[in-house]
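The transmembrane segment annotation in TrEMBL covers B:12-31, B:37-57, B:77-95, B:115-131, B:143-161, B:181-204, B:216-241, B:269-294, B:306-325, B:340-362.
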Amino acid sequence: MNKLITYSKKGLIGIWISLLSLTTGCWDYQELNDYGFVMAVGIDKSHKKGEYLYTFQLVNPGVITRNASGSHATPIATYSQTGRTKLEAIRKMSQQVSRRLFFSHLQVFVISEEILREGAALKVFDVTDRDPQGRINFPVLAARNTQAYKIISALTPIDDISANELKNKIETSKDVWGENRVTLIEEVIENVLASGRDIAISGVELTGDSKQIGKAESILQTRAKGQTKLKGIALFNMQNLVQWADDETARGIMFGSNKIRGAALNINCSKNNNHHLTVIVNYSKTKIKAKITKNRPTIDMNIAAEGRIGEAECPIDLENPDVIHELEQRTSTEIKKEVELALAMGKKNQSDVFGFGDAIHQADPKTWTKWKTNWKKYYPKSQVNIHARIFIRTTGLRTNPYMKERD
Amino acid sequence: MEKAKISAIQLFALMFIFDLGTALIVSYGVTAGKDDWLSILLGMSGGIILFFIYYPVYRKYPDLPLTSYIGEIFGKYIGWIFGFLYCISFLYIAARNVRDFGDLLSSSTLTETPLLVIHTSFVLVICYVLYQGIEVLGRTAEIFLFVLILLGIIGNFFVLVSGDITFQQIRPPLEHGWGPIITTAFPTITTFPFGEMFAFMMLMPYLNKTKLVKKTWLSALICSGLILSWTAFLNMTVLGLDVMERSTFPTLATIGKVSLFDFIERLDAIVVLTLLLTVFFKAAIFLYSAVIGIVDLFKLKNHQQIILPVGIILIFTSMTIASSFSEHLEEGFDASIKFVHIPFFIIIPFLMLVISFIRNYIKKRSNAK
């Protein structure tokens, strides 16, 4: 009797234990500390043909979580690996990194100018798009005059993780200065081979001593050495980088493609002096309408912006509405000029950066079906009417500037 | 046949969830291009027409399941064969649904888990519910209807406020004319999912108020059709045609794009949960239809005794119908529509309608004599 009870107890325990195996949950369960968080990916030319050099920026979790600054390790670590496909490089990385790469926190993608000019480098996003871990809503940048791995390896003083720094930089700059386009991966995927619009990608370059890149000493001083800086917008013809647009031209691209979220435009106070005032643009909306006249695309581009006087370093009567009107007019002309610069560059390089093709597709689907395949032939011929109009709403907390004309 | 009754609301819940199952998540109707939402609306009207083919036959035999009265219409032997083929087709579609679900799960969230494990656990739960009977299934559907609506509201809300919607994506409308829209609506969308509701012919005898069939059926069909059309519209405005064509699960991609304040992100769980719920009921209804069909045809005592064996057949079928997801989809939009959906949900019901009319007519004439 006693034996029977112990047997059944054993049996019960056996069943109980075997049931436990069913309750452990996910098959795919992984511990957090098995993962290496990839924050940035850089792609460069490899010395082998048909291969790219992939560089991954990983967080060093020990340094990030520890508040004490006594640690000597850098907050990030970068690893490089060549591969014919990105996934090959990722999987091969396991020979170098102890942890499994985890991509859900990827912040930024950097591709070197060199391979962008050769074209075909933009195919590497497929794995990001296909993989369930991947997100495609983060920006891609072009490493200008330098290699992507250098950009990825730079240490930054204010944000510990330089990928975050890069991403925040471009987002802040987009909001306040308006010369850098935030081009998300999803945008590239949608448009890179679409016929109605060409992509444009912001550039990032190295400043300071490039030998200092990635050294802890580079940020152990107030004037950090070996840093990165955003510079210009790269224009594309299909998947080939064709030209860099800088300064006003870059801002023209932003105005024309309805991407301005904030900008600061300098205007001469009056025609005969060199003093400036700055108009802050805080709203801008661009509408593009297309029609076909005589087998030639005609585009109407309407830019409506709003802003305020941000700074006036010259004697000017800002209480006078007529003066404001005149300033509005000159600012509008400035915007128009910048967009024209951008358009001229786009036409020269056959880069449909404003998406005129899409506009024609919307307006006249039948003609578009005919033009679609050789749109690049029609595009430079397009007649574009640019109308820019800015409204200056306020002058800030002061009306007239303290600079006065001597009586 | 069990002795059970379900209410009209429960039937509505079952039908509504049934229609949304898989159709809400998988990519379908894309052949209509940017106007797939329109195509779904047309398909819905096709579904309404189909109902008026099914309904008169049902009215003649309100207390019998399909497998019983099909014998009375086509004659004992041919009817039996047709009934058996119906059971097999129901089982096949159930297997397709399970596979849809398994593939979504294994390609989106459980990438390392073998398909067999997902299918087995899923089908075993279905078997358990069906073992408890149709009443339990009905009550479960009633509860989950509200969960589903809640999920739908949350998902829609986030997509709408996320600012990902660009109406440019669906313009210009009717770019390629009505042709692709109509060929997509008839027969593909008409039969899937609306024609599949024919499976409910097996469950109709359980309804406690036979008069409410018309109202319930049509309201469920229209509600679900509108929701499907709206979802397709939303997907197209968020994703655009190109991405839509390349996505295995467009709704998942749409929800995946939502990113609010860098904080509300990765809402994929909503879609996975929606698919889990809807496919659960859809596969359950098909499996149940097949099971009670077999019980009826082979004159078995009760359905409980064969649930598990048929469930295991279901697992096996769901694993073997296709070797890859591409093959599965290809089969679904081509062979399955041609050889299962059109014959079983349009042609045979139509024949049934015609023959029963003729029989009626002959009967009347002979009575008159």
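A Cβ is built for glycine as well, from the same backbone N, Cα and C atoms used for every other residue.
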Among the ranges B:77-95, B:115-131, B:143-161, B:181-204, B:269-294, the one whose Cβ pairs under 8 Å to the transmembrane segment (B:340-362) are most numerous: B:181-204
Annotated stretches the transmembrane segment (B:181-204) and the transmembrane segment (B:216-241) touching (3 or more Cβ pairs under 8 Å): yes
Intrachain residues whose Cβ lies under 8 Å of the transmembrane segment (B:12-31), provided they are six or more past its termini: 6, 39-40, 43, 96-97, 100-101, 104, 137-138, 141-142, 144-145, 148, 180, 183-184, 188-189, 192-194, 196-197, 199-200, 203, 216-217, 219-221, 223-225, 227-228, 231-232, 241, 244-245, 247-252, 271, 274-275, 277-279, 281-283, 285, 329, 333
Contact between the transmembrane segment (B:216-241) and the transmembrane segment (B:115-131) (at least 3 Cβ pairs under 8 Å, separation 6+): no
Beyond the flanks of the transmembrane segment (B:306-325) by at least 6 residues, Cβ under 8 Å: 91-92, 94-96, 98-99, 102-103, 107, 115-116, 119-120, 123-124, 126-127, 130-131, 248, 283, 287, 290-291, 294-295, 300, 331
Tertiary contacts of the transmembrane segment (B:115-131), as residues 6+ beyond its ends and Cβ separation under 8 Å: 98-99, 101-103, 105-106, 137, 140, 280, 283-284, 287-288, 291, 303-304, 307-308, 311, 314-315, 318-319
